[in-house]
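The following feature annotations were taken from TrEMBL:
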type: ACT_SITE; residues: 198; note: active site, schiff-base intermediate with substrate
type: ACT_SITE; residues: 250; note: active site, schiff-base intermediate with substrate
type: BINDING; residues: 208, 219; note: 5-aminolevulinate 1 binding site
type: BINDING; residues: 235; note: Mg(2+) binding site
type: BINDING; residues: 276, 315; note: 5-aminolevulinate 2 binding site
Ligand code: PBG
C-alpha cells in the first residue's frame, strides 16, 4: 500500500464553503479607506483618464460620494485637494479657505464621527513647482523651512475637522513637528497617520494627473530609494518615536516585504496605500480583457492584508466594500 500520502492538504480546498471556513485572512470593509480628490473651481466632477472610475470631485459631489462610501461600510476617507491657484510656498494649504480645508469641513459637517476623516498633510498639490516642500535658493527642497509650514497645515486641517492627518512629504522630523504643533494648539486627539516608509515610485504616475501636478523632475531626494529595506526600518522607528499613531507603507504591492517588516517591528496599526499606478495597471489590463478584474482586485488586496496591513487605502474601497457586504 505504500506511496499514498497520509496527509492531504487538498481536503481543505474541496468546496467553496470549505475554503471559506479555513481562510486565514479576510477583508473587512471597515479596514478599507477611500482616497478622494476635490478640485476647486469646477462645476462638474472631472474624470481622471489614467484612473478610470475615479473623479476629481466638486465640493458637492465629494460629499455625496463620501456618504456612499460610508454607507457601503468603508472605514475612512483620505482627502486630497486640487487648488485653483498655486504658489511657491503652497499657501492655499494653510489657508482656512483653501479647497482642502473647506472640503474637510464639508465632510465633517455631513459625516461627523460616523467615519474617520483623513487629510493629506503635504504641500505638493499646492506648490507651483509641485514639490512636497518649499525650495531654497538653489532649488533644493528645504526640509526645515517646510516643517514650519507643515505645522501650520496640521493645525488648519485639525481646525477644519480632520480626525487623522497623513503627512506624505517625507521631510525629516515631520511627525514630531506636527505632533508638537497639534498638542500646543489643543488638538491632542487628532492623530498622525505616518507615511513612514514611502518610496520614490513610478506607481504614482496617474496621481500626477489626478492632482494636476506641476512637478518637473522627481522626488528622489526625499522619498526612499526602492533597493532599501533597512532604511525603511529606520524610518518606521523614527516615526514611532516621534509620536505616529499609525504607520503606513506606500506603495503596497511592490513593498509587501516592508509591510511585513512594519507589522513585526511595531505594535501600532499598520496601513498600506495601494496607489494610483497599482489601480491603473489592473484597470488597463482588465479593459483589454487580459485579466479577470474582480479576482485581481481581491487577490491584490488580500495579499496586502496577508503581508500585515491592518488598514488598506484603495481607490476600489467603495466597490469592494459593497461586494464584501453582499457576500459575493
Ligand atoms: C504626495 C502624495 C502622492 C501620493 C499620495 N500623496 C504623490 C507623490 O508622492 O508623488 C500618491 C498616491 C497615489 O499615487 O495614489 N502628496
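We number each residue from 1, going along the chain as drawn.
From the backbone N, Cα and C atoms, a Cβ is placed for every residue, glycine too.
Automated prediction, rather than curation, is the source of TrEMBL annotations.
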Going along the chain, which residues six or more apart from residue 250 (active site, schiff-base intermediate with substrate) have their CB under 8 A from its CB?
168, 195, 197, 198, 199, 201, 272, 273, 275
Suppose we screen the recorded positions 198, 208, 235, 250, 315 by Cβ distance to ligand 1 with a cut-off under 6 Å; which survive, in sequence order?
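Result: none.
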List the same-chain residues at least 6 positions away in sequence whose Cβ sits under 8 Å from the Cβ of residue 315 (5-aminolevulinate 2 binding site), in sequence order, or say none.
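Expected: 34, 35, 51, 53, 54, 274, 276, 279.
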Residues with Cβ closer than 8 Å to the Cβ of residue 235 (Mg(2+) binding site), same chain and 6+ apart in sequence?
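Listed in sequence order: 196, 197, 224.
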Just to be sure I understand the packing, how many Cβ atoms besides its own are within 10 Å of the Cβ of residue 276 (5-aminolevulinate 2 binding site)?
25
Using DSSP and three states only, what is residue 315 (5-aminolevulinate 2 binding site)?
coil
On a count of neighbouring CB atoms within 10 A, which of the recorded positions 198, 208, 219 is highest?
198
